[in-house]
Each structure stands twice: as structure tokens, then as C-alpha cells.
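Participant: What TrEMBL records for SER122 is active site, phosphoserine intermediate. What TrEMBL lists as Zn(2+) 2 binding site is ASP78, ASP354, HIS358, ASP395, HIS396, HIS472. Among the features that TrEMBL reports, Mg(2+) binding site is placed at ASP78, HIS185, SER187. The Zn(2+) 1 binding site annotation in TrEMBL covers GLU349. Among the features that TrEMBL reports, signal peptide is placed at 1-20. Look at TrEMBL and you will find 517-536 tagged as transmembrane segment.
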Amino acid sequence: MGSQILLYVLIALLIDTIRAADHLKYGSSKKYTAKNMSPEHTTEYWNEKAQDILKQKLVQVQSPITNNAKNIIMFLGDGMSVHTVTATRNFMGDSAKQISFEKFPYFGLSKTYCVDSQVADSACSATAYLGGVKGNYGTIGVNANVPRFDCMAGLNVGNWVESIAQWAQNAGMDTGLVTTARVTHASPAGVYAHTAQRGWENDAEILKSDCSPKVNVDIARQLVEWPVGRKLKVIMGGGRSNFRNVTVIDEDGIAGQRYDGRDLIEYWIQDKRSQNVKANYVWNRKGLNSLNLNNTDYLLGLFSSSHCPFHGDLKRNNISTLVPSLSEMTESALKVLSKKNNGFFLFVEGARIDMAHHETKARKSLEDTEEFAKAVDLTRKMFSEEDTLIIVTSDHSHTMTISGYPYRDEDITGLAADQADDDLPYTILSYANGPGFENTYDKKGRKRINPEETIDPNFQYLATVPLASETHGGDDVGVFASGPFAHYFSGTYEQSNIPAMMAKAANIGTFKSAAGVHARPTVMALFIIHFFIILLKIR
């Protein structure tokens, strides 16, 4: 018996030695020893941490903030799945870290499906989290009576969905949007647009769908010509090409995409001059930094012909002096909107989190998530929790997962601690599908991945199914809340509930208290009338 135990011990030691050798070869991580013991190794550390959390929760439950929100700021991490948030913690240094918005007192989950699709896109989801109504995949600002690409159904005003930006404007609040996508892209368009096809960002795209751009107004025109878009005090992001004709070369030497001869940027400038307001158009970071924001009523910033660059590329490609970061745009927008005392609604989108996932470039997605968290952090510090509600959420998830039992101190963008059963290493982060398939398999089977490859920000992470673009996921997404009525955002609920709860917190729109008070007698009156009709029938 003693010799068998000794044999088992020797085998275990041998296996551990092999594991450590493989890990040093492919993953590189130190093992914990008495010399590098941390407080986490003690029971007291975890007990004290639990006590601190319990104290915080007790305070939150006993004294939630229930006064009306003066300001509402909604942060949308496009494609920011729960896995993305988790991976970003490690990317920022350690799994025990908390990203800025994870420190918010209340957390919930929203269900992201569309009326006609289990997995949402950024269009139907924008209609839900900004308008409170779920629509069909690919449609914006319209209900499910509008099929995608339907040239006529989207023209029916009865099918249009009002956004919380419109409710805020009707209540006398200022409004704005900031995005790292084109300002006419699906998510920001949910603030102001109504369309049967998210791709109708300019008139040329409507023509491609065999619809009339004279009847169907493109999204860029809706932004500068229609009431909600015209009233936006701040518009910042990319997408200059959708505002200018194909014969016009923009500030970066790129031609526009419009066919109708319109210059919508010039139209915006002239429209604001006719209103005798102080308005500024800027196209680069220098122009933004040179503005006197205290003397700016309206701000249009278009910093790219299409989407803004990935955040990490600003420094890598030496263009950080040309294009502002998301946090810089957000801070400028807040300074413009907070000048008056009437309150405001601001929508901020970290769009490139999603686009990096589509390319299975996980490192770039985490870089953009880190910058997104920075924008949230500076915003929370600028405004009081007593009067400003901040919501941080996502429109949908992605197929990226975290696996492989990596050691605690291992870089999450690298390789798993052990090799797979085919004696080849694999990445900790991987996707269910996408272009990363090309790095995963060849005709002989799975390819060997070297640690150096994963350092490249353009490395495409392993994917199981070959697709030119990785798909969204159908998971619920997180909702983080701080400020007045933030406790409303706990639990699991429809994504379309989000604007209702934001509006209730600010006492605006359909959910304004006065509307509810006046509605009750009407409902009661109908009930009484119905009751008497029944009585008459009985007699």
C-alpha cells in the first residue's frame, strides 16, 4: 500500500512538472510560492471583502435615490457582452479588478431578441433601448409592422416609434449623441431616425434597394432636416461621406457617397445660422480642442469619412493628434450640454467594440472597451449621483468565450495554460464563428499558434465556423445603473423596458407622472361605461 501511494505521488509530481514546462513554453506564468503570497491566500481577506460589499448593499437598499433625474446619460457598448466585460478586467491588469461601471450600485440583465429574430442586430435593438418598442431585424425607429426593406411600410407615421431623445426634447431638455461609428449608423440612428432599412444612410443606398430616395428620406437627411435630429445640440462621430455628393472631396481627400447633389454639412451650418445660434462644425481633434465650448450652442463633429479608428490604432498609427478619442468627445459633449440648467439626455456609443469582434480581433475589442470604461468614469466624476442617472449597457452580445483554465496572472489575449488533445496550443479567447477560422484550420487540421502571434493587435482569434464576419450572440446583456431611480434597473427584463425606466426617472415622455394620474380616471370611466352596458343587456 505504501509503495502504491509513493507511486501516485511521483506520477502527480511528474504530471505537474510536464504541465509547468508546457506552460512556460506556450503560456509563461509564475507559480504561487510563499514568497509571492498575497492577502488573497487568507480567509480573512475574503471575509472582509464580503463584509464591505454587504455594507454597501445595505446602504443602497435603505436609501435609493428617488428624486427626479435632471440629466440622463446612456452609454452603449456596442457588442459588449458579459464575456467582453470579464475579459477586459484581466486585460486591464487582473481578474479581480472592477471596470468603472462595475462599481455602479445596481445591475440587471436585458433580453435582446428582436420580434422576428432570436439574435439581435444594432438596429432593432436601438429601437428597443431608445424607443421602448421591439421591431424587426434591420429596422430603426419603427415597430414590427414594418418589414425590413419595405419601401412603403416605413413611411406610415403610425408605425414610427418615438425615442427618449424626443421625449427629452419635448420636456425642454437638451440632447446629443456621441459615437465612434458613423453618426448615421444603426445605434446612433435610433436616437432620431425612422427607416425600414438600417443601410439607407444616404440616398445612393436607397436606390440600390430599388426604392425612391425622394419618397424614402435617407438617415443622413433625417439627422439634419427632421425635427429630432435638428434639435440635437451635439453630434459627434464619423461618417462624412454620407453627407456629401460623390463629386465632393472631403477634408481627408475622400469622395462623398450621395447622388442628389446635397451638401448636408453645409445645410446644417446654414440652418443654425438662420436660427441665429452659435454653431460649430469641426472635422479633426485640433478643431475640437480649439473651440470655446462655453460659447457653443450646437456642435457637429465628423472626424472620419466612415467609422472612427479603433482606439488602439490612434496611437499605433500616429493619428491621435487628428482624431479625438471617445472619452475626449464625451467630455466635450458634456461641457456643451451642461451649460444650461434645463437638464439633458446624451447617448454615447463605443461602437468599435462590436466591429473588432466581427473581425475576431479580440485585443482591439478589449482596447475599445477599456476606453469606453474611461469615458464612463470621467462622466460619473463630472456629475452628481443625486441628479444624474447614468446607464451603461449593450445592444447585443458576441460569440467570444473565455476558456482553457489559464493561470490567474496569464495574459488573457495569449495562449491557454495547456495544450489540447491534438498536442497543439490554443488561445484563451476564441469565437464560435468568424474569419479567425483561417488561423484555426488548414487542410491537415488545426494550425499551430505561436505566442508571438497573439501580441499582434490584428491577430484574428480562433473560430470554429468559417464566416467572413463573426456573428452576434443571443445572450442577455448587462445593464449597470447609477443615480436617481437606478434601483429600477435590477433584475432581468426586456430591453425595451430601459427607456421607460430612464423616462420615469426623469419624469418625461409617456411615463411622466402627470400622464399616469390623468390616465387613471379615463380607464376607470371606460370600465364604468362598460359595466353599465352589461347591466342594460342583462335587463
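Cβ coordinates come from backbone N, Cα and C, glycine included.
Please treat TrEMBL annotations as automatic predictions, because they have not gone through curation.
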Participant: Quick one: Cα separation, HIS185 (Mg(2+) binding site) versus SER122 (active site, phosphoserine intermediate), in Å?
Facilitator: 9
Participant: With an 8 Å cut-off on Cβ-Cβ distance and a minimum sequence separation of at least 6, pull the same-chain contacts of ASP395 (Zn(2+) 2 binding site), or say none.
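Facilitator: Spatial neighbours, sequence-distant, of ASP395 (Zn(2+) 2 binding site): LEU76, ASP78, GLY79, THR112, ALA120, SER122, SER125, ALA126, TYR129, SER187, VAL477, GLN495.
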Participant: Quick one, of the binding-site residues HIS185, HIS358, HIS396, which Cβ has the fewest other Cβ within 10 Å?
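Facilitator: It is HIS358 that, of the binding-site residues HIS185, HIS358, HIS396, has the fewest other Cβ atoms within 10 Å.
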Participant: Starting from the Cβ centroid of ASP78, HIS185, SER187, the recorded Mg(2+) site, name every other residue in that chain with its Cβ within 8 Å, sequence order please.
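Facilitator: Here the nearby residues are LEU76, SER122, ALA126, THR179, ALA181, ALA186, PRO188, GLU349, ALA351, ASP354, ASP395.
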Participant: Across all chains shown, how many C-beta atoms besides its own are within 10 angstroms of the C-beta of SER187 (Mg(2+) binding site)?
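Facilitator: Cβ-Cβ neighbours of SER187 (Mg(2+) binding site) within 10 Å number 27.
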Participant: I need the CA-to-CA distance for HIS358 (Zn(2+) 2 binding site) versus the residue listed as 'Zn(2+) 1 binding site', whole Å please.
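Facilitator: Here the two Cα atoms lie 17 Å apart.
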Participant: Looking only at C-alpha atoms, tell me how far the residue listed as 'Zn(2+) 1 binding site' is from HIS396 (Zn(2+) 2 binding site), rounded to the nearest Å.
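Facilitator: One finds 13 Å between the Cα atoms of these residues.
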Participant: Do any residues at least six apart in sequence from HIS472 (Zn(2+) 2 binding site), in the same chain, have a Cβ closer than 8 Å to its Cβ, and if so which, in order?
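Facilitator: Same-chain residues close to HIS472 (Zn(2+) 2 binding site) (Cβ under 8 Å, separated by 6 or more) are GLY79, VAL119, ALA120, ASP121, HIS396, SER397, HIS398, THR399.
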